[in-house]
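One structure below.
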Amino acid sequence: MIELLGWVPFFPLLGFLMLALAGRRLPKPPVAWVGVGSVAVSMLLTALIGGQFLSGTRQPYRLVLGNWIEVGDLSVPIGFYLDALSLTMMFVVTGVGLLIHLYAAGFMKDDAGYARFFAYMNLFVSAMLVLVLADNLVLLYLGWEGVGLGSYLLIGFWYEDPNNGYAARKAFVMTRIGDTSLLLGLLLLFIELHTFDIQALMFRAASLWAPGTALPVAVAALLLGGAVGKSAQLPLQSWLPDAMAGPTPVSALIHAATMVTAGVYLIARTHDLFAMAPPVQWIVAVIGALTLLMAGCSALAQTDIKRILAYSTISQIGYMFMALGVGAWSSAIFHLLTHAFFKALLFLAAGAVIFCFHHEHNIFRMGGLHRAMPLAFASFLIGSAALSALPFTSGFYSKHEILSAAYEVSPGLWAAGCLGAVITGLYSFRLVFLVFFGVQPQDVDNRLDWRMSVPLVLLGVLTLFGGMLRIPLDSVFPGLLNPDRNLSLVSVATIAAPFLGLLIAVLLYFKGGFSTLPLAGFGLINRMRMFFFSGWGIDTLYQALAVRPFYFIAKANKNDALDSLYTLVALLGREGHLLARRSQTGHIRWYTSSIALGTVVVIAIGWLS
Amino acid sequence: MSEISIEQGLLLSAALFVLGLIGVLARRNLIMILMAMEVMFNAAGLAFIVAGSRWGQADGQIMFLLILTLAAAEVGVGLGLVLQIFRRFHTLDADSLNGMRG
C-alpha cells in the first residue's frame with residue numbers, strides 16, 4: 001500500500017487537469033464527482049497508507065519517482081518522504097479537504113464557475129500535498145508556490161469585483177515577500193551543505209555547524225521569513241483578513257487544511273535547524289505571542305463574521321508559532337490538527353449562516369438563529385468551545401499543552417498565551433451570542449443541502465473527539481519536554497482563562513446585561529476600537545512605508561532612467577541613417593562618379609601595397 | 001605589316017575607356033550616356049582583342065563576341081527604358097530624374 005504514496009498528490013492534480021480541460025463542457029453533477037472524488041480517492045489512499053504505516057515499524061519511508069533536475073552535482077529527485085509528521089499533515093489536508101470539497105459541492109451549486117472552482121480547489125490540495133510530502137526543499141518549494149498560486153486563484157475567484165482581485169493580488173504579493181526569503185534560505189543551505197534533501201540537510205547541519213553560530217541563525221531566520229509570510233504572522237499577516245474575499249469554502253480550505261499551516265509545517269520539518277539557532281527560535285516564540293495578542297484584539301472589533309474567524313486563525317497560528325518557539329514541536333502539530341477541525345467547522349458553519357442570510361456578513365444584522373438553524377448553532381457552539389479551549393474539546397488539550405510548555409520556558413510567554421485565551425473566549429462567544437441569540441431580523445432560508453450538513457456533523461464530531469486521532473510524533477521530534485500534568489496553579493489559571501472571556505461575553509452580549517454602547521462614547525475607547533478594527537493599522541503602515549514610496553518612485557521615474565540607454569542606441573541608429581541618407585541623392589551621375597572613384601581608390605590601394 | 005605592340009593597344013583601350021567614362025559622367029542626356037557606355041564596352045573589348053593577339057589565343061575574340069552580345073542586349077533594354085522614361089517624364093535629363101533619393 002505504502003508504495004502508492006505518489007498517487008496521493010496525483011489524483012487531485014488529475015482532477016484539476018480534467019476539470020481545467022473539459023470542465024466547461026460538463027454538467028454540474030460530473031464536475032462535482034470529479035472534484036470531490038479526486039480528493040476522496042486521495043483520502044482513501046492516505047487512510048490505507050496511514051494504516052500500514054502505523055501498524056508497522058513506523059520507519060520513515062522514501063519513494064523516489066524519478067529525476068526532476070540533474071545538473072552537475074545538483075540532483076533534485078521527485079521524491080516523497082513519509083513519516084509521522086507528513087502523515088499527520090496528509091490526514092489534515094485530505095481529510096478536512098475532502099469534507100470542505102463536499103460542502104463546496106452544495107455551497108457553490110448555483111455558481112456559474114462551478115468547474116473552474118473545483119479545478120482550482122483540486123490544484124490547491126495537490127500543491128499542498130506535494131509540499132508536505134516533498135523529501136527535498138526544491139520540491140517543497142514547488143508545492144509552496146503552487147499553494148500560493150492556488151490561493152491567488154481562489155481568493156480572486158469572483159473576479160468581476162475589482163476588490164476581490166485586489167485582495168488576491170495582496171495575498172500573492174505579501175506571501176511572495178516570505179517566499180523570496182525562503183528561496184534565499186534554501187539556496188544558502190545548498191551553497192553551504194551541497195544538497196537539497198531535507199533529511200541529509202538536517203544531518204549535515206548538525207554535524208558541520210556549531211549551534212548558535214552565524215550560519216544556522218541566518219538560515220533559520222530566512223526560513224522563518226518564509227513561514228511568517230505563508231502563515232500570516234507578524235509582520236506579514238494583513239493579507240489573511242482580506243483573503244476573505246473568496247468563497248467561504250475557500251476560506252475554510254486556506255485556514256484549516258492548507259496554506260497557512262504550511263509555515264508551521266516548514267518550521268516543524270526543519271526543526272533541527274531552528275534548535276541550532278536559539279535566537280531565531282526565541283523570535284519565533286515572540287512573534288507567535290505578539291501575533292496571537294494582536295490578532296485577538298483585532299478580532300474583538302470586527303463586525304464581519306468571516307473577518308472575525310480570519311483573525312482568530314492568525315491568533316491560533318500564533319499559538320502554534322509560540323509552541324514551535326519553545327520547542328514543543330509536537331504540541332504545535334497537535335494544535336495544527338485540532339485547529340484544522342474546529343476552524344473548518346467554524347468556517348463551514350459561518351458559510352451556512354451567510355448562505356441562509358442571503359450573503360449578509362455583518363454580525364450586528366444577524367441574530368436569533370439558534371431556533372432557525374439548530375445545526376449551524378450546534379456547530380458554532382462546539383467550534384467556539386474548541387477555539388477558546390474549553391475543557392473536553394480537542395482544542396483544550398492542544399492549547400493546554402502549548403501553554404504549559406510555554407510556562408516551562410518563559411512565564412511571560414505563558415501570560416501572553418493566557419491573555420490571548422481570555423480574548424479568544426470573549427470574541428468567539430461574542431460572535432455566537434450576536435449571531436444566534438437576540439432578535440432574528442429577517443426570515444432565513446434554512447434548508448441546507450445534505451452535502452453541506454454532513455460535513456458539519458462530521459467536523460463537529462472531529463472537533464470534539466479529534467484530539468484522540470493524534471499520531472505520536474516521538475519518532476520525528478526529540479522528546480524535549482514532559483508536559484506537567486499536575487493540577488498546579490498555573491494549570492488552573494490556564495483552564496480558567498477562556499472561562500473569564502466567556503463570562504465577559506455573557507455579561508456584555510447575552511441578552512443585554514451590560515451594554516457596550518456607552519463605552520463607545522469615550523474617545524479613547526472608540527479610537528482603540530478603530531485601531532483594532534483596522535488590524536492595528538498595519539495596512540496603513542505598509543501603505544505609508546511601501547506603497548506610497550513605490551508610487552512616488554514610479555511617478556518620478558516615469559521616463560525610466562535605465563531605458564535611456566536603449567533610447568541612446570535607437571538615437572544613434574537614427575542619426576546614422578540620416579547621415580547615410582545624404583549620399584542617396586538620386587543623381588545617376590553622382591552614383592557613377594562614386595563607383596569610379598571607389599574603383600580608382602581600390603586599384604590605387606592594390607598598387608601601392 | 002608592322003606589328004602593333006601590346007602597350008600601344010592597351011593605351012588606346014585605356015584612352016577610349018576614360019573618354020567613355022568622362023562621357024558618362026559629364027553628359028546629362030540619357031541617350032548620350034548610353035552612347036558613352038558603348039564606347040566603354042568597346043574599350044574593354046579592344047583590350048581583350050589586343051591581349052588575345054599578343055598570346056595568339058582565341059579566348060580574347062570569344063570574349064569580344066560575348067561583350068558585343070551583351071552590349072546589344074544592354075542597348076535593347078536601355079533604349080526601351082529611355083523610351084518609357086521619356087513618355088512618362090517628358091525629359092531625358094539625368095539630373096532632373098532624381099525622384100529616387102533618400
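Positions of Cβ are set from backbone N, Cα and C atoms, glycine also.
Sequence annotations record features per position, and here TrEMBL assigns domain 'NADH-Ubiquinone oxidoreductase (complex I) chain 5 N-terminal' to A:68-118. Averaged across the domain 'NADH-Ubiquinone oxidoreductase (complex I) chain 5 N-terminal' (A:68-118), the predicted model reaches a pLDDT of 85.
What TrEMBL records for A:134-424 is domain 'NADH:quinone oxidoreductase/Mrp antiporter transmembrane'.
Residues or ranges marked as transmembrane segment in TrEMBL: A:6-23 (among others).
Annotation comment: TrEMBL describes A:30-54 (among others) as transmembrane segment.
Look at TrEMBL and you will find A:84-105 (among others) tagged as transmembrane segment.
Feature annotation from TrEMBL assigns transmembrane segment to A:117-134 (among others). Beyond its flanks by at least six residues, the transmembrane segment (A:117-134) meets 5, 8-13, 15-16, 19-20, 23, 31-32, 34-36, 38-39, 42, 79-82, 86, 89-90, 93-94, 97, 100-101, 104, 108, 111, 140, 142-147, 149-151, 153-154, 157, 198, 247, 249-250, 253, 257-259, 262, 265 of its own chain at Cβ-Cβ distances under 8 Å.
Per TrEMBL, transmembrane segment is recorded for A:140-159 (among others).
Annotation comment: TrEMBL describes A:250-268 (among others) as transmembrane segment. For the transmembrane segment (A:250-268), same-chain residues at least 6 beyond its ends with a Cβ under 8 Å from one of its own Cβ atoms are 85, 89, 92-93, 96-97, 100, 103, 121, 124-125, 127-128, 131-132, 140, 144, 147, 150-151, 154-155, 157, 178, 182, 223-224, 226-233, 240, 243-244, 274, 284, 306, 309-310, 313, 317, 320-321, 324, 329, 332-333, 336, 339-341, 343-344, 347-348, 351, 477.
Annotation comment: TrEMBL describes A:280-301 (among others) as transmembrane segment.
Per TrEMBL, transmembrane segment is recorded for A:336-357 (among others). Panel annotation: around the transmembrane segment (A:336-357), residues 88, 91-92, 96, 99-100, 103, 107, 248-249, 251-252, 255-257, 261, 264-265, 305-306, 309, 312-313, 316-317, 320, 366, 369, 372-373, 375-376, 379-380, 382-384, 386-387, 393-395, 397-398, 435, 442, 444-446, 448, 452, 455-456, 459-460, 462-463, 466-467, 469-470 of the same chain, lying at least six beyond its termini, place a Cβ under 8 Å from a Cβ of the stretch.
The feature transmembrane segment is assigned by TrEMBL to A:369-392 (among others).
Under the heading transmembrane segment, TrEMBL lists A:450-469 (among others).
Taken from TrEMBL, the feature transmembrane segment applies to A:531-554 (among others).
Positions annotated as transmembrane segment by TrEMBL: A:588-608 (among others).
Most Cβ pairs under 8 Å to the transmembrane segment (A:280-301), among the stretches A:30-54, A:84-105, A:369-392, A:450-469, A:531-554, belong to A:531-554. Residues 312, 316, 338, 341-343, 345-346, 348-350, 352-353, 356, 398-400, 421, 424-425, 428-429, 431-432, 435-437, 440, 444, 446, 448, 453, 456-457, 459-460, 463-464, 495, 498-499, 501-502 of the same chain, all 6+ positions outside the transmembrane segment (A:369-392), place their C-beta atoms under 8 angstroms from a C-beta of that stretch. DSSP places the residues of the domain 'NADH-Ubiquinone oxidoreductase (complex I) chain 5 N-terminal' (A:68-118) in helix, strand and coil in these numbers: 29 helix, 13 strand, 9 coil.
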